[in-house]
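A.B. asks: What follows is a single structure, and I will ask about it in a moment.
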């Protein structure tokens, strides 16, 4: 036995398998496996032996696959033969049914004699004739079962054909939205899928009433997004919808929350875009992503593109820290925003594409982008009334003690942002639990009942939380925002 023989047998086995001659292939595979087993006993080197064992396992897997194919083919043959046998049996069974009505003894008997005999001797012929008729037309139980089976099968076939017709009608209505799918010809498939993942299909479930205060910002967003779809005949020409809205303000004032409310309430295709979506390490891919984003937005219009922290994407151009790739991406973004195929070009407000942006650093944004974001609104810190309303929204699921005065708490929170107020409410709601488990072992904590843990939040809890949590926005920051909005604002 030589290695050359093993190699030749493996080649023959694979060739026979490819040609569909699985029986011959299995013979060669089995011979190769036996030859390799004999060869393995003669190999002394452990490293070489491991390699041969690995090869043996691979060929064994191939042999198993061929064996599975043979089993599948055999099952097909069994099904065909059983069907053919059933078809051959059916005429024989039917022949037995119809052979009885034509007995040989009936032919020589003349009809008139039969009738006369029935008149003279009524009992005997009367008893014989029904017996022959019954024998002729009474099917056997097996044939009755077959006939019933045929009727049931024919009924099932009719129901299945009706079901198929209904199914064929249903997908036309159900899959009609799926047919309206963006054609990404000319773009990388991964880029298209990455941007499709940024389309918010799930409802963020944030309503306008979930946002305290910010009445002017809500009105502007409704005017920019909702009203053009309700009154398309009005928003034409100089009254065209706003192409871009920039929300400016300190952190934690509700800019991203407003964007979530737009996605929930406005019923437009909502693209949630960040710097990671539009940047790539490959040359020229960032510009393609920007162009693809706006083409998809035009296709799925009316659409809203929300760019959070837009200062990180489109900062001021011409600085020494700017890279060439970043500059090209900014240029493409500016071109696409100015040429958005929405109401400004098509005079169709229902096909608009609006860019909604948010930033904490408006002074770092490029001047050309600032011009394209036509409405620049200030999202300030909540007022006293807004703070009280935000407290009610945050604490609506909690049980409060009778001594809690939300108006007094709101007055003590002057200068706090919306996020700061939420943190105070969260910390105050945990105070009662902290007092309850103080000094207890882990086992005792696990055995506490739900009623023991759900205790009302008191005024003292809020006072302690206010001492622990300070405001996150300084007066100097507020002054800087107000100065910028006075100079560049467009409310």
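Along the chain as shown, the residues are counted starting at 1.
Every residue, even glycine, has its Cβ placed from backbone N, Cα and C.
Straight out of Swiss-Prot:
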REGION    1-29  region 'Interaction with KATNB1'
REGION    1-75  region 'Interaction with dynein and NDEL1'
MOD_RES   42  phosphoserine
REGION    101-182  region 'Disordered'
COMPBIAS  145-169  compositional bias 'Basic and acidic residues'
BINDING   249, 250, 251, 252, 253, 254, 255, 256  ATP binding site
A.B. asks: Hey, for the ATP site built from 249, 250, 251, 252, 253, 254, 255, 256, who else sits with CB inside 8 A of the CB center?
C.D. replies: 358, 360, 379, 417, 418, 419
A.B. asks: DSSP secondary structure for residue 42 (phosphoserine), reduced to helix/strand/coil, please.
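C.D. replies: Going by the DSSP assignment, residue 42 (phosphoserine) falls within a helical segment, counted as helix.
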A.B. asks: If you average the pLDDT over the region 'Interaction with dynein and NDEL1' (1-75), what number do you get?
C.D. replies: 85
A.B. asks: So of 250, 254, which of the binding-site residues has the fewest other Cβ atoms within 10 Å around its own Cβ?
C.D. replies: 250
A.B. asks: Where else in the chain does the region 'Interaction with KATNB1' (1-29) make close Cβ contacts, counting only residues six or more beyond its ends and a cut-off under 8 Å?
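C.D. replies: Tertiary neighbours of the region 'Interaction with KATNB1' (1-29) are 35-36, 38-39, 59, 62-63, 66-67, 69-70, 73.
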A.B. asks: Out of 42, 253, 256, which of the recorded positions has the smallest number of neighbouring Cβ atoms within 10 Å?
C.D. replies: 42
A.B. asks: Which one is closest to the residue listed as 'phosphoserine' in space, judged by CA to CA distance, out of the binding-site residues 251, 252, 254, 256?
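C.D. replies: Comparing Cα positions, the candidate nearest the residue listed as 'phosphoserine' turns out to be 256.
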A.B. asks: Just to be sure I understand the packing, how many Cβ atoms besides its own are within 10 Å of the Cβ of residue 249 (ATP binding site)?
C.D. replies: 24
A.B. asks: Given a 10 Å Cβ-Cβ cut-off, pick out the one of the binding-site residues 251, 252 that has the most other Cβ atoms nearby.
C.D. replies: 252
A.B. asks: For residue 255 (ATP binding site), what is the secondary structure state per DSSP, taken as helix, strand or coil?
C.D. replies: helix
A.B. asks: Show which residues of the chain containing residue 255 (ATP binding site), separated from it by at least 6 in sequence, have their CB under 8 Å from its CB.
C.D. replies: 247, 249, 358, 379
A.B. asks: With DSSP helix as H/G/I and strand as E/B, how many residues of the region 'Interaction with KATNB1' (1-29) fall in helix, strand and coil?
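C.D. replies: Split into helix, strand and coil, the region 'Interaction with KATNB1' (1-29) gives 25 helix, 0 strand, 4 coil.
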